[in-house]
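What TrEMBL records for A:His33 is active site, proton donor. Under the heading ATP binding site, TrEMBL lists A:26-33, A:144-147, A:181-184. Positions annotated as beta-alanine binding site by TrEMBL: A:Gln57. Per TrEMBL, (R)-pantoate binding site is recorded for A:Gln57, A:Gln150.
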There are 2 protein chains.
Amino acid sequence: MHIFHTITELRSWRKQVKRVALVPTMGNLHAGHLALVRTAKAHADAVVVSIFVNRIQFGVGEDFELYPRTLAEDVEKLTEAGADVVFAPSETELYPNGTQQYFVEPPAIQNELCGRSRPGHFRGVATIVTKLFNIVQPDVACFGKKDYQQLAVIKGMVQDLNMDIDIIPVEIERADSGLALSSRNGYLTIEQREQAAQLSAQLRTMAEAMRRGNRQFAALENSAATYLQQHGWQVDYIEVRHAQTLTKAQISDKNLVIVAAAILGTTRLIDNLEVQLEHE
Amino acid sequence: MHIFHTITELRSWRKQVKRVALVPTMGNLHAGHLALVRTAKAHADAVVVSIFVNRIQFGVGEDFELYPRTLAEDVEKLTEAGADVVFAPSETELYPNGTQQYFVEPPAIQNELCGRSRPGHFRGVATIVTKLFNIVQPDVACFGKKDYQQLAVIKGMVQDLNMDIDIIPVEIERADSGLALSSRNGYLTIEQREQAAQLSAQLRTMAEAMRRGNRQFAALENSAATYLQQHGWQVDYIEVRHAQTLTKAQISDKNLVIVAAAILGTTRLIDNLEVQLEHE
């Protein structure tokens, strides 16, 4: 496996490979990332995993400084997983002027859900992903469904800016408890990690009610939020949305997703569950 | 020469060609565009000329509807000039949702000079050029120096978003009178076209003074603006700037450009002249 820290090295390698899949990450890899790598391998001749903690997608007061950097362990896991290249650029390699000047600006959806409490986050994500796409020039790129809104933004961007890249969504990896795997789970205490399963449990409860014919989305949302608050969570949002557009769910919609963000102690966790309704 | 109206046709042709140069235009081609094509031919195996009057770079009350569409004549000129492909997409081909959702947002320079009177213009330019780059995937792209601020925005964008494309600036083509060639010259009456040479004449006068050691940029700017106003022009700006950054010229700067925009009758004309100062 190659480890490249510069754009020049990456590009010179890229010229020799036909079909490349990119898995963009911020490192601190867990089984969710490795599932992305497995999917990527099935779609290309070579898999590039980028590892870059991207300052411009963190807001003021967020955990940019604290975010775990574990390159050595990540490289070990990626070697085992059969990645071909780790692209781990320095901050000056990607932001040689200190800051980014040109941004890819997503539409209004960037200010809803996670965007409401993280202004500029999706702009930062769209911009770094565009930069990585331009550097790696992949044929396909894999993104986890756990960051559901991010996936929607990336899919929208690729289509709207005519990027010739297939975006492949990959299912959420979960602990046995149901907790969605996330680098930020590392911030949880042992007790919190156990309790954290309540979030996905509430999503499943809502989904089951919806599959049984319950279309009282607001009541379902309130009930789940109340449960979590009563158990010590600070709920950012828990909402039923249209799975593709992420607009507010209509009673007639069939492709839905329940998206949620809530804070346990000081750790902000997100999760979601797609609900495909067959019958009216 | 191929004429493609769809992205699918263009992409399928693109796969068979190694090194491609792109010349993005809005059509109504004149000798300035053909100079771009000649330069492009020297840098690639094949030249794609795009022709698209891009609604999102026109402001409210600007000449989008009026802008001349002359595809048949353009195709004839490009055949003669030896272009390989004309890419002339419809509006729904490039904006299938009716509007663009994701924009490439340039930094503050987009609000100065031409941007001051054309809000959103450079955002529209950066966005359509990004789309065309993603569709055509050129190795090089040629832009005329006449749109000097546009060229600076594109160069900045390519660098800042890590696009792997060489941007080649091409010198301004001028009529014998000195008037910079422009599609908008077609809006001028015969008398106005003669008078229009005053704009480039003022740029030359300023440049000569600067080369003789005059560093009173503000005085030179005022003097040129006053001359033009006295001759019936409405001056938008005429300024000495740093040639690369387009920031206000400092007395110690060596690489300068005089940029100007002024309205004759109802036609807004732009022009510029680079001034390289050798001695202190």
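Just so it is clear, glycine is given a Cβ too, placed from its N, Cα and C backbone atoms.
Shown here: features listed in TrEMBL, placed on the structure.
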residue	record	DSSP class
A:Met26	ATP binding site	coil
A:Gly32	ATP binding site	helix
A:Gln57	beta-alanine binding site	helix
A:Gly144	ATP binding site	strand
A:Gln150	(R)-pantoate binding site	helix
A:Leu181	ATP binding site	coil
Rounded Cα-Cα span from the residue listed as 'beta-alanine binding site' to A:His30 (ATP binding site), Å: 21
For the recorded positions A:His33, A:Lys146, the one whose C-beta sees the most other C-beta atoms within 10 angstroms: A:His33
Those binding-site residues, out of A:Asn28, A:Gly32, A:Gln57, A:Gly144, A:Leu181, that come within 10 angstroms of A:Gln150 ((R)-pantoate binding site) at the Cα: A:Gly144
Spatial neighbours, same chain, of A:Gly144 (ATP binding site) - Cβ under 8 Å, 6+ residues apart: A:Gly32, A:His33, A:Ala35, A:Leu36, A:Leu151, A:Pro169, A:Val170, A:Glu171, A:Ile172, A:Glu173
Count of other CB atoms lying within 10 Å of the CB belonging to A:His30 (ATP binding site): 15
Packing count at A:Asn28 (ATP binding site) (other Cβ atoms within 10 Å of its Cβ): 19
Alpha-carbon distance [A:Met26 (ATP binding site); A:Gln57 (beta-alanine binding site)] in Å: 11
Under 8 Å by Cβ from A:Leu181 (ATP binding site), counting only residues of that chain that are 6 or more apart: A:His30, A:Ala31, A:Gly32, A:Lys146, A:Ile172, A:Glu173, A:Arg174, A:Ala175
Protein Cβ atoms within 10 Å of A:Gln150 ((R)-pantoate binding site), excluding its own: 20
Around the Cβ of A:Gln57 (beta-alanine binding site), the count of other Cβ atoms that are within 10 Å: 21
Chain-internal residues near A:Met26 (ATP binding site), provided their CB is under 8 angstroms and they sit 6+ positions away: A:Ile51, A:Phe52, A:Val53, A:Asn54, A:Tyr67, A:Ser183
